[in-house]
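These features come from Swiss-Prot:
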- Ala11, Pro12, Ser13, Gly14, Ala15, Gly16, Lys17, Thr18: ATP binding site (BINDING)
- 4-182: domain 'Guanylate kinase-like' (DOMAIN)
Amino acid sequence: MNKANLFIISAPSGAGKTSLVRALVKALAEIKISISHTTRPKRPGDQEGVDYFFIDETRFQAMVKEGAFLEHATIYERHYGTEKDWVLRQLKAGRDVLLEIDWQGARQIRELFPPALSIFILPPSIEALRERLIKRRQDDTAIIEQRLALAREEMAHYKEFDYLVVNDNFDQAVQNLIHIISAERLQRDVQEKKLSRLLAELVEKQ
């Protein structure tokens, strides 16, 4: 069985994480993105089972008690959680898994899976982040300022991550993510299992 990788991508609200992740998954083969469960309401364009699994507070808390989540966190008074069984099944089958979660969840995952590789997406500036939140047209000015304050708190945890990617130029940011994941897949301990037959043939004495 091939060794599977667990990747984490986190970012403050408005940094473009979701768009980057979608482009990354489209560009890279053999990587599965975990779909989180959430109690937040659907937004226009959200698809059940594609963007999130939308559940109510009662069901979410029941899943917490059942130990169904690998990690869970509260963001803007809404709950988000990563289903444990699905992730473990993918890893056991040798498939790379990508988690799109916040820094709280990333911390929990690293405690459970120390080899997990984590990437934090940064905006090019606070003003750029503010402009992106305004262009969403989802919140009023007061809420946007609250989100910016929380974003500063989130970005203060950047040192907990392995890589930092600034989303200034979208295409370049996608390429940076591809390079990071490709390099991780080429590490010796990963390649050693994938290339076991070739390596045996190359080094075996005749």
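Positions of Cβ are set from backbone N, Cα and C atoms, glycine also.
Swiss-Prot feature annotations superimposed on the structure.
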{"residue": "Ala11", "record": "ATP binding site", "Cβ contacts under 8 Å, 6 or more apart": "Lys17, Phe120, Ile121, Leu122, Glu154, Asn167"}
{"residue": "Pro12", "record": "ATP binding site", "Cβ contacts under 8 Å, 6 or more apart": "Pro123, Leu129, Leu150, Ala151, Arg152, Glu154, Met155"}
{"residue": "Ser13", "record": "ATP binding site", "Cβ contacts under 8 Å, 6 or more apart": "Tyr76, Leu133, Arg147, Leu150, Ala151"}
{"residue": "Gly14", "record": "ATP binding site", "Cβ contacts under 8 Å, 6 or more apart": "Pro123, Leu129, Arg132, Leu133, Arg136, Arg147, Ala151"}
{"residue": "Ala15", "record": "ATP binding site", "Cβ contacts under 8 Å, 6 or more apart": "Ile121, Leu122, Pro123, Leu129, Arg132, Ala151, Asn167"}
{"residue": "Gly16", "record": "ATP binding site", "Cβ contacts under 8 Å, 6 or more apart": "Ile121, Pro123, Arg132, Asn167, Phe170, Ala173"}
{"residue": "Thr18", "record": "ATP binding site", "Cβ contacts under 8 Å, 6 or more apart": "Asp51, Glu100"}
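Residues Ala11, Pro12, Ser13, Gly14, Ala15, Gly16, Lys17, Thr18 make up the record's ATP site, and a Cβ search at 8 Å around their centroid adds Ile121, Pro123, Arg132, Asn167 from the same chain. Lys17 (ATP binding site) has a Cβ environment of 21 other Cβ atoms inside 10 Å.
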